[in-house]
Amino acid sequence: MVDIKVVSQRSKKEVGSFSTSSSTTVGELKKQISSKTRLGTERIRLAVPSKTSKLPNAFEALGKDSDLVSKHVGADSTLYFKDLGPQISWSLVFICEYAGPLFVYPIFYFLSNLIYGTDSPKSFAQKVALVCYSLHYIKRIYETIFVHRFSHGTMPIFNLFKNCSYYWGCTAMVSYFVNHPLYTEAPIERVYLGLGLWIIGEVFNYICHIQLRNLRPAGSTERKIPRGLLFEFVSCPNYTVEILSWIGFSILTQTLTSWIFALMGAAQMWIWAVGKHRRYRKEFGDKYPKSRKILIPFLL
């Protein structure tokens, strides 16, 4: 048996000393700490001083709850504790942030007279945009409930307000101008081009999500190398085709705010894709295909 000293990462005060064996997992140690601190295990983060960061007082969080504590503890048998604050499930956050656009976007479409002080018949492009925007978020909610398997059960509750503000606010920004009485419809060829790109993006995005789901057995946090179709070319094709989808939406609506939303989303997805690409290379090493790009086939 080994006594593990757990110290607050911020105050450096000792939280307590906990007995562990060579078979004690991180999750089991969290339960011991939870019993003493009366905090839920989802709020507890355990870390060790970073061996790679040059920043002072930098820490590296321990791995999965299934990892052995002995794998991480150094010679001084000390771990550092941080309270992550109130948590909320990933799926609930996603449902809330995706449900908002389904209510916000139609407000500008159906209540034009109340919002703009005047009304006009909706063009074909405006009708198509309403359907596309709504179907995108209906699809996202469906995937959250029935498709995605999350490696982490919860996230800080602050993310609920941050994420909802982004999606709901951007929806209002896009819908206000697309549904404006003075809106000028794009040439019909451009509308169909944008619609075609949107459909291709949405269909392949769903296919990518099904492929990712099939990589991870239910209730598991196991990671495997994604393979097949677009995954042979880029690490995150689900982001690639979602960007394509929003480009299509921007072409069919031809509004500046649609392009701004598409670019904002693309920038964020690029950041996520770079992070995932690096994690794949770090985790799988030489097994990971060297020719596979991050987001754009053969280029980036």
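Glycine residues also receive a Cβ, built from the backbone N, Cα and C atoms like all the rest.
Bear in mind that the values here come from a model prediction, so they are computed numbers and not experimental data.
According to Swiss-Prot, the features are:
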- Asn163: N-linked glycosylation site (CARBOHYD)
- Asn238: N-linked glycosylation site (CARBOHYD)
- 91-111: transmembrane segment (TRANSMEM)
- 191-211: transmembrane segment (TRANSMEM)
- 243-263: transmembrane segment (TRANSMEM)
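Listed in sequence order, Val93, Cys96, Glu97 are the same-chain residues at least 6 apart in sequence whose CB falls under 8 Å from the CB of Asn163 (N-linked glycosylation site). Long-range Cβ contacts of the transmembrane segment (243-263) within its own chain (Cβ-Cβ under 8 Å, at least 6 residues beyond either end) map to 125, 128-129, 132-133, 136, 170, 173-174, 176-178, 183-184, 186, 190-202, 204-205, 269, 295.
For Asn238 (N-linked glycosylation site), applying a Cβ distance below 8 Å and a minimum sequence separation of six or more within one chain yields Asn205, Cys208, His209, Leu212.
Tertiary neighbourhood of the transmembrane segment (91-111): same-chain residues 122, 126, 130, 133-134, 137-138, 140-141, 144-145, 148, 150, 155, 159-160, 163-164, 166-168, 171-172, 174-176, 178-179, selected by CB-CB distance under 8 Å and a gap of 6+ residues from either end.
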